[in-house]
Every structure is written in C-alpha cells, then in structure tokens.
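Q: One structure, pasted below without further comment.
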Amino acid sequence: MLLLGCIKEVSDYELAISLPNGLSGFVPVTQISDAYSKLLTQQVAQGELLEELNSLPDMFSPGTLVRCIVTSNEKSDGGSRSVKLSIDPKKVNKGLSSTALAAGMLLSGSVLSVEDHGYLIDIGVAGTHAFLPHQKAKNYIKALKKGPDLKIGQNLNCLIVEVKNEGRVVCLSVDRSEVAASIATEQQNWTLSNLLPGLVVKARVKKVAEHGMKLTFLSYFTGIVDFMHMDPEKSMSYSPDQVVRACVLSVHPTSRAVRLTLRPPFLHAGGTPRQLPGQRMGAVLEEATVKAFYKQFGAIFGLDDGTLAFARLKHLSKTRKSFKPGAFKEGCKHKCRIIDYSLMDEMCIVSLKHQIIEARFLQYQDIHTGDVVQGKVLSLKPIGMQVKVANGIRGLVPSLHLSDVILKQPEKKYNIGDEVKCRVLECNPGGKKLILTLKRSLIQSKLPVLSSYEDAKPGLITHGFVVCAREFGCIVKFYNDVKGLVPKNELASEPISCPDKVFYEGQVLKVMVLKCEPQQERLLLSFRLSSKPGPEDKWKCTPKEKQEVKYQIGEIVDVKILKKKDNGLEVSILEGENNVVAWIPTLHLSDFVATSKLLWHCLQEGDVLPRVMYLSDKGEHIILSRKSAVISAVQEEQVVRSFSEIQPGMLLTGYVRNVMPFGVFVEFPFGVTGLAPKVSMSDKFVTDTKDHFVVGQTVIAKVMSIDEEKQRVLLNLKVSECSSGDSAAESFALLNQYFKELNEISDLLRRGEPSICELVPGKKVHLVVQDVREDGSALFTCSSVTGSTITATRYHLGDKTIAPGEKRKAFVLHVDALTSEVYVSLREELLKQRP
C-alpha cells in the first residue's frame, strides 16, 4: 500500500513516520535507497566510517512529507501493530515505466551520486537516467540548511522538467516554488497502476455523507475523503459538483481505493503540516467539548485552544461494556489527556481512560533522572535487561546494574514478566534512551541525586558506583554519566596498597565531593566521609592527674570496676598505691561479642576482674583487654611487635577495628593493623560485609602480602585459610572457653535472689500459666525465678489446651540472660527424653 507520511522523529537507525488517521510506522535505515544501503554494507565490511555516508539526522528533518510503501504489518504479543515502511524509490515508484514519464510529473527520488554539474537521482524507473542540475537544487539546499550539497540517500520531491529519448533521460527540479506550484493533470497520463500519494489534483465533489465524501479527479478517478481530512473551516459547506483542490493520501494496491485530503497544508506539494507545541503533549484537559461522534470510529473534541482532537472508540471508556454513547452528544464535556499528535491529520489524539489520565509517565520526556519507577521484565540479554516502564517506554538495565553484586546467571534471579523496581540513571528523550539500575543501595538511597557537575558542591555526600579500580585510585560514576576520581590517599582512613583487590566494578559506596570544575567536567572525591574518631576513642576517662606508672604491652593485672559506662568499664588497676585508672571497652571483655554484652550487663561497680591484659596506652588513656585468645597469643609470643617482623603466611590473632563496605580492618597487639578485602573475608560469597563481621570480634588472620614502602598489610580471614592444622582441637578450645565464660556469667547472675540462670536448656520445670495470647502462644511464671518472661510458642504447646492459673510441666529450650527471656516447650516428645 502506498501512503503519504510525515517524518515524526529521526534517529540513527530509523525514521518514525506519522501516517493518516492517527496511525504510525517506521522506516528502517536499510529501506532508504539502494545507494545508501550499499554504503552501509561497505562500512560494515571495512569496519571504519565512510566520509560519504551521512547519518539519518544529517539528511532528514521532522515535519517533512515523504512517500512510503508498506513492507510489513506485524502484530506484537501485546496486540499492538508494528508497521514497517520503505521510502526506496524502486519500491515506491515500481508502477512507473520510462515510457509513462511526462513533463510536470511529481515523484520521489533519492540522490545516487554527486557529479560535477549536478546530481544523478534514483527515481526507481528501470532504463531511465535522471539528472538534477546544480541550478535546480540551489534554492532547495539553501532552505534545507543541511550543508552545501545534497547527500547520497537523501530523499527528494522531484518535478520532471524535461523528458528525452523516450524516457531514457529525464531532467529534474527540486526547487520549492516549482514543486509547490505543480498539479497533476490528465495530460500526464496517470493510471491506477502508477498513481502516487502526494499528488495535488483538482477534484469535483460527487457525494457528501456523514463520515466524509466522494470525489472524482483526473477525469475517471474516484477518491474518498474521510471526516478527519475535510477542511475544518469548510466541513459543513461542501456540496455536490463543487470543485476543490485535493491531495492524494493513499492508494490501495488491490482494491485501487484512493483516499484524499482537503486539509490546507497538503494542497501545495511539499507542504509542511502544523506541529503541536511540545508543552501540550501529555497535558490533562479538564473540559474538552464533543464536536462530533462517529459510532464506528470515535469522537472529535474541541480543545481549550480552539484546536481539534480525536479519541478512538477504545479510548472513550475503560471497556466496551462500560461505554455509553449518550455521553458523547454534541456539546458534552469530558476530562481527557493528550497522548499523541497526528501530523498527517493535524490533530491531537486524546484518551478519556482514567488510568491514562492518572498515569505517571506517557513519554520519555515525563521521566527524570533519579526517578524510582516500576517496570516489567521484557527480555534478558548479554548487555543487560530490557524493562517496560509504560506503553511505548522501554529502558535498559546494564548487566553491571542487575544487582548490588555482579550476577553471572541473571536468569536465575529474574524471569520474563517479573515486576521490578528501578531507578533512572540516565534519560535522553530525544534518542529514546533510558538507562536504569536495580542496585538496591541506589534505589533506597535517601542522599541527593548527583546528575550534573554543577550540582557537585564541595562537602556533598552521595551514593555512587565504582566503574574502575586501579593503582591510582577509583573512578566513581553517578547519574547522567557524571563521574569523578577518588585518589589513592582518599580511599580509606587506613592505607590501601592494591585498590583493585579491595574495590570491585559496580560496588555502591558513599562518597564526598572534595572539589569540582564543571567546565572541565572534573570531579575530585573521597571515601573518607569525615574525621570522626573510632569506637575506642569515644569514651573519655580523665584521671585526676597525669599517670606516671608505665606498663608493658602484655602485662597481666587485676582491676576493680569504678564505673559502668555505655561502651565500657572504667577500672582501677589493683597494684601499688597509685590507683591507676584504665579503661576496658565492652567489646574487649570477651572474645565473643554476645558474651561481652552479657558480662557488661552482669558486672557491677566494685567487682574485681582478675587477669586483664595491658593492651595500649593512647596518650592519657590506658586500654585493657580481657580477650583470652589475644592474651594467649601475646603470652605465647605468637605476635609481631613491629611491621618489620610481619611475613606472608603468618597466622595472627587480632580483633576487628572497623567494618567497611570494601573489607575489614583488623588490629593486632602492639598496634599493627591490616586490611582483609571483601574477596578474602569469607569462604561464602560476601554481599554485605556487615553480615559477616562486627567491630570488636576476635579473629585469626593470615598475612597475604605486605608493602614495606607504604607500611600496608593485606589479610585473609577465610576459615579454610586460617587454620594452624588441628582445626578440631582449635574448635574445642574455643567452645570450652565459651562455656567457661557462660559459667562465670551464671555465677554473677546468681548473686542475691534466685536468677534466670537456674533455668538451663534441657531442664524440666514446673510453671504456672499466666496468659494465652491471640497468636496461640502462652506466658508462664516460675516460683523459683522472678523478673523473667517465660514463653511457649503455639507449636510448643502441642495439642494441649491450657488456661490461665493451670500448673504445667515444661522443658527449657533457650535462655537469653541479656533480655531475661526464657523459651520452653510442653510437647510430650521432649518431656519424655530424659527421666
């Protein structure tokens, strides 16, 4: 089918074409002309850019009328149709022959080559050479403003000026005034087999009907004008035998049905249809007035600015059943939204559907960088995931952004059709380019969105993702392709010798802007967000006077608790008469973090703690440790006293000083520190470092490498790498120490009244039912223990029905001394286990 279309959008790979009656199609880059396709093939074969090959945006402009032929009309899975078109003259003019060519004819052509005196034009007629002199193209080139010459593949509206040698040679003109004045006549011998859209003719009205009218033209041709293509200002004044000027819109190949338009911009060949102001697209109009209703097609509305709009039947109501024709009588008013604009009909396309009026996004222009959007997975490809955000809006999630970590098999996590929550990294409405991220850290971030260099003010803290980690530091990228450098000295508070081993591509981190030069697009960043002191520096223990007593690291002392504070114990060293004040951080009370908190809870002011080790003296603050593993390592000389003693392969006992997204800093006695990067933290895959280690945790680390020049140590914390050989003995020794400390806690809790420690796991006790909750669980009281919450879940009540006040025998499952919570079971199979 041959159609007259208007270029709506131009991209590097296709032309979006507006077609009559609100339809649209697209011309692929391979359907421009034979000469252009040959250049494309040549460029692909050579693998380098050809000077004579111009991009589509260099040759085509929105608003230009072109003749098209439909090459395919495919229906997608979603029910929408995809109309593929061609503007290749060989296909559009296939009905013409060299003998049919006559002066005054207007037809499509494409630039074949540039010659000394003009251009060879491909008009798609076999055996005919068409030539366009420079003089006849001069004014056209000047008005087009696309360069000094026409380009190979450029589509032209050509007027035949002269025919020579029975049509074997024709001379052409593309001068706008000559083309605009052209009109098809009987003398040009047009037939139904070669009639072309875009021809302007004189026609006579034959019949006027409700939905349009029938015209005759070129003596024996008959054509139809539908209601959308009558001149809006004269639509009610047409009468039979009236002579009008018309333009051919389409020609059907089999029925030979011809459709025409009487709209003014088309009545001069090469005219330009009126375009919609950009700000009107997507606008919601509270009151649009019905001008006419056509029960088989839809309704025409008058908008607030006097222009007309059309709503297809399916856009007048939510469903066919809910549609009420009576609501669309002339003069009725409705709320609607402009969803498109048909250049060929010079008419807005509107919808009355509530879900479209309320829709957040209708076009790419509605989406902004940093927006959080919902989408549906369309496909998974090596480059990433294609996501449907809304009708006609699709985005790409690059493979780097499918998760907080790199996914080797994304198909195991995502399925076609899944709903996903994304954040917009980049949106380019002109190129219909939408880049999204599925990284949860970026989606959930409450920090400012950095989308331009102008927004990067010194001191700004935001989230970014690593795109490169090298010897010099890390390149971090933000939104809209804004990127900056984190130099090596700003990577962490501790020196990092090999950034590529600590940081990985795609890693999301908080960064602070240090300096920005917007004009040069240069950005200097830091991972060191502040100079806040570490946990061990937060306490303040100021002795009455400067302490003169000096201790050696590793020296064992007894201490008395002076004061309990939120993060540790202030103690007095029981040696001599000096009453030296020191500090035991809570996390140094035990090798086990949970036990440390329990001990702090149980200890009281005045208690004496034996065998505490002097760890360090930071200025006026003496820090002590009660970690058994650390004390043993020092006493057995399994420590390094300085950096020079460290050798790769050593196993050292230390404690976690800081947990960062990229790894764990470990401190050892005598002040030596090292870094275990994320890849060397665990035998399991590490997503979040905080899930594996906590500050204060005692660890055994293996030295991987050292940098003597920069005094840096890289460690390995994998359990499989950090065993001395007899792992069973090590495990039992650790377990023995844990139970030993639990017994110590039990003794502390037993002081005074009967305590919760009387209830040990496995013990059978007699309880009284206190209450039965709505969720089926029950609360109990015990005469031997007060101040505890004793609970049995619904499952552990078994099939027994209980009521408040009843006495029951129960089996102790778990005791949490820190929260004073006890969990018990009344199930028979547990109560029968022991005598």
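Cβ coordinates come from backbone N, Cα and C, glycine included.
According to TrEMBL, the feature domain 'S1 motif' maps to 1-88, 104-175, 198-263, 370-439, 459-528, 649-718.
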Q: Cβ pairs under 8 Å with the domain 'S1 motif' (104-175): which stretch of 1-88, 198-263, 370-439, 459-528 has the most?
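A: Per the Cβ under 8 Å count, 1-88.
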Q: For the domain 'S1 motif' (370-439), DSSP counts of helix, strand and coil?
A: 6 helix, 38 strand, 26 coil
Q: Quick one: DSSP breakdown of the domain 'S1 motif' (1-88) into helix, strand and coil?
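A: Helix, strand, coil within the domain 'S1 motif' (1-88): 20 helix, 36 strand, 32 coil.
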Q: Could you break down the residues of the domain 'S1 motif' (649-718) into DSSP helix, strand and coil, giving a count for each?
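A: Secondary-structure composition of the domain 'S1 motif' (649-718): 9 helix, 35 strand, 26 coil.
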